[in-house]
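Quick look at what Swiss-Prot annotates:
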- Ser424: active site (ACT_SITE)
- Asp691: active site (ACT_SITE)
- His721: active site (ACT_SITE)
- 325-334: compositional bias 'Basic and acidic residues' (COMPBIAS)
- Ser552: phosphoserine (MOD_RES)
- Ser554: phosphoserine (MOD_RES)
- Ser593: phosphoserine (MOD_RES)
- Ser625: phosphoserine (MOD_RES)
- Ser647: phosphoserine (MOD_RES)
- Ser648: phosphoserine (MOD_RES)
- 316-339: region 'Disordered' (REGION)
Amino acid sequence: MDLRTMTQSLVTLAEDNMAFFSGQGPGETARRLSGVFAGIREQALGLEPALGRLLSVAHLFDLDAETPANGYRSLVHTARCCLAHLLHKSRYVASNRRSIFFRTSHNLAELEAYLAALTQLRALAYYAQRLLAINRPGKLFFEGDEGITADFLREYVTLHKGCFYGRCLGFQFTPAIRPFLQTISIGLVSFGEHYKRNETGLSVTASSLFTSGRFAIDPELRGAEFERIIQNLDVHFWKAFWNITEIEVLSSLANMASATVRVSRLLSLPPKAFEMPLTADPKLTVTISPPLAHTGPGPVLVRLISYDLREGQDSEELSSLVRSEGPRGLELRPRPQQAPRSRSLVVHIHGGGFVAQTSKSHEPYLKSWAQELGVPILSIDYSLAPEAPFPRALEECFYAYCWAVKHCGLLGSTGERICLAGDSAGGNLCFTVSLRAAAYGVRVPDGIMAAYPATMLQSAASPSRLLSLMDPLLPLSVLSKCVSAYAGGEMEDHSDSDQKALGMMGLVRRDTALLFRDLRLGASSWLNSFLELSGHKSRPNLVPTEEPMRRSVSEAALAQPEGPLGTDSLKYLTLHDLSLSSETQDTPELSLSAETLGPTTPSAVNFLFRPEDAPEEAEARDDISTKEEKVYSVRAAFPEGFHPRRSSQGAIQMPLYSAPIVKNPFMSPLLAPDSMLQTLPPVHIVACALDPMLDDSVMFARRLRSLGQPVTLHVVEDLPHGFLSLAALCRETRQAAALCVDRIRFILNPPGPATPAGPTTPPV
């Protein structure tokens, strides 16, 4: 169904339902249902022309006709998903509204939530239109200095997001993955309650499990709490949450479902300099020094994974590098025969926003790769930010890559073909490691497979970045905090000093007491929530006669006396309300002042701001508050009468970031000069159509193709960022993971005669 037909069908159904409920008397329920359908009609009619304009020019930003993908297309697709859900729900209401089994309360809550989502999507469509108007032809990232990114920041950070994390969570993704996203969101908000209590990882996880009942029952509460967490908690919270998968119990469970391999060893590479032959003249060598940045020389951890035991992998030299990971069970299987060295090697760099995870959490899909490809895989455990900011991770990955090239024989490979593979932040490091190898003059890999890579860490507005408003895995503020930590803007958290002082037995005693306390409170909370919900469902009147202690987000908005949709609700401060702050003293003023956005430290790189827009932070704030309001007034963002919903959490702490380090080509490879990009080997990118970082992949591929570099771009539909870690979840993620394996296989076994990219080192 095309966009116009879908919109017309939805409008017709909305008008029919609106007329029906308007004639049901003066009851509150009928009034709210009539009002919500009136809102659906209004937003759908306003959204359709904006989406049509975006779709009419979206093809100009594709890599080619065979790869129709960019942020504009993704926004249109997301809005279509929301319209399709509302169309389905409106048809259901029209068919069942007279039935005695019609669940009025449930359907009303769902319609309200999706109306809020549709309103916010309309705002994003207008933002995308403005980007389209001011961007250079064919450019997805804003590169001008007109101050439009300041205007984006001022408006975007205050948009209401909770509706996307409650009932509408993951509506844009494939249905098979939505239960997983709901589990993640419930775990996140529950984990947030126990964060900073000085509990150990297992205790926090267990406590969160038993106190999450009310978040599972109440989607509106979950959405509001999710919004609070993403806007207020620092990078250390996200580091702790993402590292839950590193807990021994959980990692063991994950490994039980993964492929069984003969070799999975954690190695510690000593910080010793060594020589590498130059590609131009193998008789000459260059010294590869150990990592030095920030913390001085130190070992680099890597994990060797091989489906078969190959020659060299059980050598004494390699065994001397093995690092113990705890007690191992008795090996009862007979010692296998050694397979010959593989002609290929995969060097893998994991993702995690530069701040979290290790090869251990990525081991399940790496084992599958080792089995399917039949080659050894070396995964690098680089040091993480904020404790080890840029360029420490790059130095460690480059050192480990060079060590692997030189000592490939120990890893069970002859090194004829070498592939660099990584996802997200790991994809970024794959590109920069290859650029550094070319700069040193040593062998570059034969190809790079990057899954949903981050190639643009400099702050700049783009249409796909707008998707971060609704993405449960990559919200805008989380992206900002991760990049800030990697750039050195986040200081190390020393809040664990008390844990060290307690000692192991003290931690165990304290965590046991806290766990039993949380079990008791969690059971009570869950029972109260269940009884409250049951009591609510048993009432004949859906709206209680007394004001409850806490209303849902949608109820609070619709219960206001002004207008059918409660447009004056303080839960959703509109742009109009904020612009009248001089007349209403209790409404906060929306500006980029230090009072609004926090201290002017480089602690929050935002993805909607370029450093050029703020060469001097004090001048930039003054300039934005005066000149930018004249040129890009807040009211000019939207048509007359349209006001998106605003967050009750206040502005995200995202001050302007002016450090030039984010423009470093070894940090943002998209900004590298042509001469550097021309040194890259063939690049194969697998991106997600609904990923806030989609434009990174599209623009990087366009840039390489314009230079005549071999590059392919494959875009998978309806999956979130990070699908490799979800490979076993459903058919769609398995197919996407198989595409990554296919790209690696193409690099290792190219059609026609294969020639190494550089001189190979004799196996050690």
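Heads up, residue numbers simply count up from 1 along the chain you see.
Every residue gets a Cβ built from N, Cα and C, even glycine.
Ranking the recorded positions Ser647, Ser648, Asp691, His721 by the distance of their Cα atoms from the Cα of Ser424 (active site) places His721 first.
Cα-Cα distance from Ser647 (phosphoserine) to Asp691 (active site): 23 Å (rounded to the nearest whole number). Taking all protein chains in view, 27 other C-beta atoms sit within 10 angstroms of the C-beta of Ser424 (active site). Note: the CA-CA distance between Ser648 (phosphoserine) and Asp691 (active site) rounds to 26 Å.
Proximity of His721 (active site) to non-local residues of its own chain (separation of 6 or more, Cβ distance below 8 Å) is seen for Ser424, Tyr452, Asp471, Leu473, Leu474, Cys688, Asp691, Pro692, Met693, given in sequence order. A sphere of 10 angstroms centred on the C-beta of Ser648 (phosphoserine) encloses 18 other C-beta atoms. His721 (active site) carries neither a helix nor a strand DSSP state and counts as coil. The recorded positions under consideration are Ser647, Asp691. Their Cβ neighbour counts within 10 Å are lowest for Ser647.
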